[in-house]
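Peer 1: Just passing along the structure, written as structure tokens.
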Amino acid sequence: MRKLDTSLGAVQWFAFLLANSLAFPIIIGQAYHLSAVEIAGMLQRTFFVVGLGSLLTGLFGHRLPILDGPAGVWISIFVVMGEMALQTGHQAGPTLQLLEGGMSVSGFILVLLSAAGLMKYILKLFTPLVTGISLMLLGIQLSGTLLNGMIGVNADTSHIHKWNVLISFSVFILIFALSTWGKGWLKSYAVLIGMMLGWLAFVLVNGPGTAMHFNSVFSFPKPFAWGLPHLNSGMIVSSIVISFVLICNVVTSVFAMMQVFAEREKNKKIEGTHTLENKGNLNRSTFMNGVSNILSAVFSTAGVVPVSISASFVRMTGQYKIKPFIIACAAIIIASCLPVIYTWLSTLPGQIAYAALLTTFTQLIGIGISAVLREPLDSRRLTIFGIALSLGTSVMFLPEELTAHLPTMVQYIISNGLMVGTLITLILEQIWKPQKSKVKKGMSI
């Protein structure tokens, strides 16, 4: 029975890794007007890097079941620079090579910071208020994107297929219901059940998806598919800023998972074993994330980062053990080298993947609120909370034309509500100190 649970858990983690990997190649393919062959190659490389990055960080970094997925900060930069390149008549190739260089720089910065032992100073900035607001804004910001994905609206079309929308919302409701009110295996495998039934329904309504033809049994992901990395001064500066955003993502994701494990241990009245010292070592996690970003540059895909919704997934499904997660990571690495498998996996309907991801985001905001409430909400913290959340949310509704003529990095910061809210919280927490030092500052490694 234990082997069956491990196997089914690994299959469910595999499905979750798959869902988190599908969106990026589609988004970037649209932004850069890439061909179907180029998108398929990017999908293969994304599978490989997501699997390898998650495996390395799970074994040698935080040692927790947290997947490494394409980082929102990198996806945003990819989209902004792609739009600028198309508007100015430049080709996609040089822009993508510049992004490879940027990911390499960010990766080396993360490796150097952790190797030099500087993380213990940086981590003092990330108080529970900072991580909590970051989690809440992440849930708010990406929920709209995921909802559009469920409906089937994108940059190329606004036409809605009503039956596909009905199926995607049915998947969302089914996963939510099973994870909330289901018992036993129904609760544990809610995401897997929802995705498989949704995929079957899509096939019945639309017919099977068309997978690309392949000429070989084995195909290793191509390194530097966009060409060798390039750099300029603007990208170097941007990469330095992005490195600190990635650190924030690492801290937030590890903290969120630690909180989920702490809740479980408290509810089951068992001795807590998941501490920052023995399993959530953020110094190791940052080092391995640097390695993963370098791998992302080498294999021409978006830089990856431990994603916070892993905590939501674990809380929702009860998949606390790391063994199924490790097996799933190894499986997706193998799948990325077998064209017959990754071309078939690419036929998973995007609307089903978005529905499964949106279900996990319903938990993420709650985890963020719990993080904020770890310390008393005095007038100072309430004010910082209100300013950061309101401004961070407001920025999400600004028209794109407002920042179109600004430098790329400024465009990204001003148009990104998560970045604005997190930076405001970081700054106010440092310059507006509490009257008495009753608050536990930051996190230890």
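For all residues, glycine too, the Cβ spot is worked out from N, Cα and C.
From TrEMBL, here are the annotated features:
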type	residues	note
TRANSMEM	39-59	transmembrane segment
TRANSMEM	71-89	transmembrane segment
TRANSMEM	101-122	transmembrane segment
TRANSMEM	129-151	transmembrane segment
TRANSMEM	163-182	transmembrane segment
TRANSMEM	189-214	transmembrane segment
TRANSMEM	234-258	transmembrane segment
TRANSMEM	325-345	transmembrane segment
TRANSMEM	351-373	transmembrane segment
TRANSMEM	382-398	transmembrane segment
TRANSMEM	410-428	transmembrane segment
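Buried or exposed, and what's around them? Tell me for each listed feature.
Peer 2: Remote same-chain residues near the transmembrane segment (101-122) are listed as 74, 77, 229-231, 235-236, 238-240, 242-244, 246-247, 282-284, 286-287, 289-297, 302-303, 444-445 (criterion: CB distance under 8 Å, separation of at least six residues from the stretch ends).
Sequence-distant contacts of the transmembrane segment (325-345) (same chain, six or more residues past either end, CB-CB distance under 8 Å): 6, 9-14, 16-18, 21, 40, 43-45, 47-48, 50-52, 54-55, 58-59, 65, 67, 211-212, 214, 216-221, 319.
Same-chain residues lying 6 or more positions outside the transmembrane segment (410-428) and placing a CB less than 8 Å from one of its CB atoms are 72-73, 76-77, 80, 125, 129-130, 133-134, 137-138, 140-141, 238, 241, 245, 248, 384, 387-389, 391-396, 398, 400, 402-404.
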Peer 1: Three or more CB pairs closer than 8 Å, sequence separation of 6 or more: does that hold for the transmembrane segment (382-398) against the transmembrane segment (39-59)?
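Peer 2: Answer no, regions not in contact.
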Peer 1: What same-chain residues lie close to the transmembrane segment (163-182): Cβ under 8 Å, and 6 or more beyond its ends?
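Peer 2: Residues 150-152, 190-191, 193-195, 197-198, 201-202, 205-206, 316-317, 349, 351-352, 354-356, 358-359, 362 contact the transmembrane segment (163-182) from elsewhere in the chain.
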Peer 1: Between the transmembrane segment (71-89) and the stretches 39-59, 129-151, 234-258, work out which stretch tops the count of Cβ pairs under 8 Å.
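Peer 2: Result: 234-258.
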